[in-house]
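Undergrad: First the structure, which I've put down as structure tokens, then a few questions once you've had a look.
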Amino acid sequence: MSRRKQAKPRSVKVEEGEASDFSLAWDSSVAAAGGLEGEPECDRKTSRALEDRNSVTSQEERNEDDEDVEDESIYTCDHCQQDFESLADLTDHRAHRCPGDGDDDPQLSWVASSPSSKDVASPTQMIGDGCDLGLGEEEGGTGLPYPCQFCDKSFIRLSYLKRHEQIHSDKLPFKCTFCSRLFKHKRSRDRHIKLHTGDKKYHCHECEAAFSRSDHLKIHLKTHSSSKPFKCSVCKRGFSSTSSLQSHMQAHKKNKEHLAKSEKEAKKDDFMCDYCEDTFSQTEELEKHVLTLHPQLSEKADLQCIHCPEVFVDESTLLAHIHQAHANQKHKCPMCPEQFSSVEGVYCHLDSHRQPDSSNHSVSPDPVLGSVASMSSATPDSSASVERGSTPDSTLKPLRGQKKMRDDGQSWPKVVYSCPYCSKRDFTSLAVLEIHLKTIHADKPQQSHTCQICLDSMPTLYNLNEHVRKLHKSHAYPVMQFGNISAFHCNYCPEMFADINSLQEHIRVSHCGPNANPPDGNNAFFCNQCSMGFLTESSLTEHIQQAHCSVGSTKLESPVVQPTQSFMEVYSCPYCTNSPIFGSILKLTKHIKENHKNIPLAHSKKSKAEQSPVSSDVEVSSPKRQRLSGSANSISNGEYPCNQCDLKFSNFESFQTHLKLHLELLLRKQACPQCKEDFDSQESLLQHLTVHYMTTSTHYVCESCDKQFSSVDDLQKHLLDMHTFVLYHCTLCQEVFDSKVSIQVHLAVKHSNEKKMYRCTACNWDFRKEADLQVHVKHSHLGNPAKAHKCIFCGETFSTEVELQCHITTHSKKYNCRFCSKAFHAVILLEKHLREKHCVFDAAAENGTANGVPPTSTKKAEPADLQGMLLKNPEAPNSHEASEDDVDASEPMYGCDICGAAYTMEVLLQNHRLRDHNIRPGEDDGSRKKAEFIKGSHKCNVCSRTFFSENGLREHLQTHRGPAKHYMCPICGERFPSLLTLTEHKVTHSKSLDTGTCRICKMPLQSEEEFIEHCQMHPDLRNSLTGFRCVVCMQTVTSTLELKIHGTFHMQKLAGSSAASSPNGQGLQKLYKCALCLKEFRSKQDLVRLDVNGLPYGLCAGCMARSANGQVGGLAPPEPADRPCAGLRCPECNVKFESAEDLESHMQVDHRDLTPETSGPRKGAQTSPVPRKKTYQCIKCQMTFENEREIQIHVANHMIEEGINHECKLCNQMFDSPAKLLCHLIEHSFEGMGGTFKCPVCFTVFVQANKLQQHIFAVHGQEDKIYDCSQCPQKFFFQTELQNHTMSQHAQ
């Protein structure tokens, strides 16, 4: 998962990474203005609101209920109402170009990101208005920063708003199951539930932190990033983005404004201390207060205590501090073990350790000063510089009254400290530098400060100073400032040389092995990029190629050292073959510890006493060379200089004792840099130090490939992907295969048996065995090889019995089309034929054609009159027309005089005449005769239209074929060539009987105009096309034309029904006669339909009952009406009754299912018998039963005789019920049809075979079955049923 943008808080827009910066900027601006105590009550509450607002943005669920906002928020200036796309543009505009910017709060945090943010007052506006936020904060009000999105209330804090929104339960439908909190969106509820369940799937790869949301992980990852390229020009603080820096700059601007205001108020009011809350009436008192209580923050404080980091302004204050705070402490000399009771004695004693001035020494600072100056930071920039000829140091200022100048008139040097991050270099003490680093450069990473004596790292400069003063006070040596010196001293022996080339040759020969060759060149070569020195040019070239990846860098030639020039301090490694030269002893020592561990010092021809002391395990001391002027015969003069420090000794014993001190220093116990614990060996130190850096984490290892995973889910996924194999199991032989191809080959070889099917070429029947085919040929084709099967109706012969049966079905088609010579055996087929071929959308007009006599006239009222005459004639012969399903009066047909096409509505005929013959409504007979005169000779056999040419007829025939019909009826699925014909067809689906009444409000409709107006009164909101529907049949209309056609159709039916009830036909009602007793009934549902010799007959319930009991053998004449009522018996139970009323009451009480037809007097022709009985049919043998118990007994007999298994003879598949077998045979019938199943009677399409089976059982009866068995009276809907029946029942 494109990813959804997280929503920002509604009222405040704080960009990522700067929420904490903004809060710090606000706090600093408030603190600069004098803190909260000097503010009004409204200011304090507003600041608390902003603090709450900034703190809420860092919570896990600060954006839960907020909706998605736009990708870019708009920043609006409150003075000129100009919009900006970013906070930086708005800040620049407010600072330089806004004409209305005043001294008020810029209100940069008041972003118009919510719809109501422009209408809500900012915190400064509330302050200016003097709002009272303390009254009813939780109840809310108007004009506050956090408005409710559901009502008009607003609140000063976001927490109050969240609590208030929970009362709108109707607007928050999603509820947390753990804490019952409500949410507006489901995604917010799901995000909140993760806080309860602890589902944190986003893990940080730097630490063990985990988060439930990816944006929280991104914010957390910024804490691991140390790059902050954007720095503040005021305080040098770094930021990760420009927006964070600009937001931070607002704090300086506010601070400046608050300071300006405080200065204005200071002229009128008291003076307040910037470091505490004390106020003073005069400036002198404030300065005295700062010097007394805050001396470390004063610019005049430059005297530092030698015991603690406090600084003081004058000497008297410093001495008073030492006597009060450090009176009981003994003051030790850092150079020797002597102790003194006063500081003055220590300073006087330190003069004895200073070396006298000579031509080969520069002026050395005080040893204590040297111990401070010898401390260096790990970074190259944090260094201490010694200024010659400057004022005395702060540590020497207490001795100004005793000895300020040396005997030779030279002043002591002053040590000053520089900041490694800015250009400020005038810090007089370490304490002042530390304060500067902690206040101005607090965002910088913490650096370690390394001691040059023991290489220990300290967190601060003050700790380094205390470390040198306490641990190395007996071995501290001053930093010497060398002047004009021309002698070069060897690091490993007391010899001195006049030039650097001689020194390098001496190191090669004497200290790099007995067989070492002297270098070819006489000069040293230095890299111009890193200033590293090399003895040969090839070594320098190789270094440039490897370290700086370049070949064109130029080298720095070795300077020619003259006796009058200054020296260059260099340190060479005695182990490297290219003899690199380092600029400091610290770099050389680190190089030896990293690259030459456990390597003893190189061979030397000198004695051990003349060599430098070396650490036994790791360290090799390579001290700074002592370059002294003069000859190399200083030892012969009786002076033994120490190459580790600047001391000289007059005899060899004292020199040897001094060297032992350096050796003990190098062989000291090694301390842990984390906890300062001492260890005897490096191994124990390393083992201990590993504990500080070791963290344990649980990993899950794969046993197969040894891969590690942080969670069990990752391991399981790896196992499923890499080490899981899918096996294929053969259920026939239980064999297992590792691939799909293998099991396919196995099934094809082992379990694929050939099975031959034998098909009869004459009738296309398939047989499993050759014997079955032989039996079939014997019975069907052996007797008469020629066409042995002859139709008894027409004499046509056929070669197979199946072909004869299919032909015989054409003779039983009792439904003839009145427009053409085609006949059909089902009503639904005739209706379909009329719709497709003759555009007739009602099939009720074929009543008069059942006997094969088509109508000879197309007049409007003739079919209805003929039907009325047949119904009114009491002496009419017994016929079956009145008992058919289509016995209703047919709709009036409108035929075209030119082409013979017939339509059910006059408007459809007019549309046809206009569309096909160009004859408009209302034209005279001359135009019609002219059109008839020009009628073509080519006639369409489908719709009887005529054309002048064969090409025109061919193009017309394309309209009757499938591909041209692009419009499908949504009700029945039938397709039509045009939208107009589809509209005309959809009207015929109307089943509404009350055609003149609105089905919504039951209001009668009289005309088409009233129908259209009434449809507009009941619009259909679900119809997105027109918004209307037919109020009579409730069909949805897609156009205004379709609505008008509906109106014409329903109003014509209304006119037809009113014409039938006119005085000419008043009192006439359609009656239905029983074919046996000729009794008349008002509804055709009162008659039971029977098929006798292929013709339908209607019998009443009484005649059906008597026929079932064997009482009636044929058609009996009607009983006389004046028969006495005595001797009436019940036809069901043969009980005698005295009157017809008693018999009728008995029939209704005891025989409710069947109402008998008694021989007593009838009340009239309008009495309606009871409905026909419900029957049950067996699927297996198609026998019919009257009640459910009988069919259950019958089915049980089938199960006892035949078993519960029913076999499909076409595929040999077994089923446990006949219904499932029938469904399976339906699937056989539609194999290869694309998964669709069409009803063979009404052509309704289904997607499942069982649905089609249910449809046939519910809609169609025995009379609708198509395929007849030639050997038994059973009928079937599908040919596969007939085949399966023949193969199972008549195979022998």
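Placement of Cβ uses the backbone N, Cα and C atoms for every residue, glycine included.
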Undergrad: In Swiss-Prot, which of 18-40, 202-224, 1099-1121 is tagged zinc finger?
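TA: Residues 202-224 are the ones Swiss-Prot records as zinc finger.
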Undergrad: Where, among 758-781, 815-838, 967-989, 1176-1198, do we find the most CB pairs under 8 A to the zinc finger (1237-1260)?
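TA: If we count Cβ pairs closer than 8 Å to the zinc finger (1237-1260), 815-838 scores highest.
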Undergrad: Give me the mean pLDDT over the zinc finger (815-838), rounded to a whole number.
TA: 75
Undergrad: Going by DSSP assignments with H, G and I as helix and E and B as strand, what are the residue counts for the zinc finger (1176-1198)?
TA: 11 helix, 4 strand, 8 coil
Undergrad: Using DSSP, tally how many residues of the zinc finger (640-662) sit in helix, strand and coil.
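TA: Its residues divide into 11 helix, 4 strand, 8 coil.
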Undergrad: Within the zinc finger (1237-1260), how many residues are helix, strand or coil going by DSSP?
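TA: Within the zinc finger (1237-1260) the tally stands at 11 helix, 4 strand, 9 coil.
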Undergrad: Would you mind splitting the zinc finger (967-989) into helix, strand and coil residue counts from DSSP?
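TA: Residue counts in helix, strand and coil order: 9 helix, 4 strand, 10 coil.
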